[in-house]
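Here is the structure we will look at.
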Amino acid sequence: MSGSDTSGSVHVDEHGHGHGKASSSYDGAGAPAPAPAPFQGHRKAGSGSSDVPFLLRSGGSGGDGLRRCLGLIDFVLRVAAFGPTLAAAISIGTSDERLSVFTNYFQFRARFDDFPAFEFFIVANAIAAGYMVLSLPFSAATIMSSKATGVKLLLLICDTIMVGLLTAAASAAAAMVYVAHEGNLRANWVPICLQFHGFCQRTSGAVIASFLAVFVLMVLIVMAAFTMPRRTHHTAS
């Protein structure tokens, strides 16, 4: 057959690089359009946590955000407990009232150093107030790092010691305040609050403030025990 159809002619590379390769004149006619590149956001990988508040970031563990929130509450409660302990120590330390009978040369006096229980109360509350201030940096460390197990354990032990110290001091002072208000007929102790109103008001308020600090410390102990990380034991399969 002498007829030649040029529509399907094969072009060969002139320089010999196209041996065995043929290109049809219709190569680009039915080529599909390139798929659009997937949309890439401006946010880099791993930067999605920047929009999450610091206290709620999990950091790879679901309970870390909750532990940071409880750490912040721990810090606030320590600041709040500093006030009652300091106020209780100052209130008892400045309690001094004199009662004049007939003349100024014959006086009765009610002062805190007349009662050893009140002296112990002042020392215990002063120690507790100082401890609250010193524990604030450690409490802040538990907020920044929820895995600070050693710091949490140290605070838990010291808080327990402070609870025992404050409870003993507040209980001893409360017993003295009760006797001052009610007296003891069997021991022939008369109530002195009928005459020394200011002294009894100061001591009563100080005891209430100290018990309030004890309650705050007990809450701190419960929170510390709740946020303490627990070890999981894996059994061999």
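Every residue gets a Cβ built from N, Cα and C, even glycine.
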Item to complete: State, for Gly183 and Met228, whether Swiss-Prot gives them the same topological domain name and hence the same side of the membrane.
Response: no
Item to complete: Go through the chain and flag residues at least 6 beyond the ends of the transmembrane segment (118-138) whose CB is under 8 A from any CB in it; none is fine as an answer.
Response: 75, 78-79, 81-82, 85-86, 88-89, 92-93, 95, 112, 151, 154-155, 158, 162, 165-166, 168-170, 172-173, 176, 203, 206-207, 210, 213
Fill in: Contact set, same chain, for the topological domain 'Extracellular' (174-205): CB under 8 Å, 6 or more residues outside the stretch
91-92, 94-97, 99, 108, 110, 112, 115, 117-118, 211
